[in-house]
């Protein structure tokens, strides 16, 4: 016999109710990067717009940075940690795969026993997590969801590679999602292009690295096997990010039923200032739209970049609570996700 | 189909628009990076603009072979054929 099953009852909509960020104490200017590569401050700035980034110290672990960012987001939301029913952590740089870091974070912030798990979706990880969290709230499986993007990409940076040594930074960004009467997170336009998986990738898989075979693996200037790092095909990624992602961003605006004229803010993944500038052109964004340019002093922090940039845009006064923002994450996979949100 | 002269003129306008180089400097023997100050990322923008203007496809793998304006003109001429 087929029993009648109760449907889950969710909130009509979800919204971002709080945001918080944590940047490591140590600021690393381009001069420090130049100790290991033959380049110049001018070259780095002209190719990436990056002047400095934050690199985490030994105590600033993925969990610690997340807890700091989560605490600020929960305070900003004005809720108690025990109100959180799910913790979603997007990261590619938490080196202990089992258990998921989300459970430790959930426990240590005092959230009790929420659902907790990690996701891996590269630089789109935060927007993927936001989309999952929104679904939990409208489905009724969670009242409030904590979504964290966190990275220690300095651990996955080849400090001797002049094409990538300057790109990456560390940090954590978090948002709290809660129920809403009105739609405050639009439909997500997302997807993957696995045929381009090699354009952004880890140089060496962990099991290959374990072999320690100097004859097979990349070696550094001291002749030692290099630790795995993130590498990318710059031109291919740039073309995809600017032109394909501008199209995805436009689809997200269309799906939300608004035009770029209705936007107050644009918060793209902070990959590279040149990508951001070219996307603005390709999207024909009106001048009144505040654009997040956190990459200049934070570098590319992958899954953490959008919430960090969101927090900074709000803190600077360039955007305010209630503003309409377009967010788009894109990166290794290749994967992407874009949506329109009301800022907390 | 654009003639060789039209392609050179079109590329000159594109390079001028993207990199701010005077159109008269965009000559067949000029290297994009060394002579015209078009870096690898601007080169992608030049290529995408050229694809649109001349209705051709220039895959990423071929972009690195386009060292000079002449290389790009020849590529576009062939791709049009």
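Numbers here mean position along the shown chain, with the first residue as 1.
Glycine is no exception: its Cβ is also placed from the backbone N, Cα and C atoms.
From the options A:255-259, A:260-264, A:265-269, A:270-274, the stretch TrEMBL describes as region 'ACP-binding' is A:270-274. Cα of residue A:300 (active site) to Cα of residue A:123 (active site): a span of 9 Å. Following the DSSP three-state reduction, the secondary structure of residue A:123 (active site) is helix. The Cβ of residue A:269 (active site) lies under 8 Å from the Cβ of A:123, A:124, A:300, A:305, A:306, A:328, A:329, A:330, A:331, each of these being in the same chain and 6 or more residues away along the sequence. Confidence across the domain 'Beta-ketoacyl-[acyl-carrier-protein] synthase III C-terminal' (A:253-342), taken as the mean pLDDT and rounded to a whole number, stands at 97. Comparing the active-site residues A:123, A:300 by how many other C-beta atoms lie within 10 angstroms of each C-beta, the top residue is A:123. A strand conformation is recorded for residue A:300 (active site) in the three-state DSSP classification.
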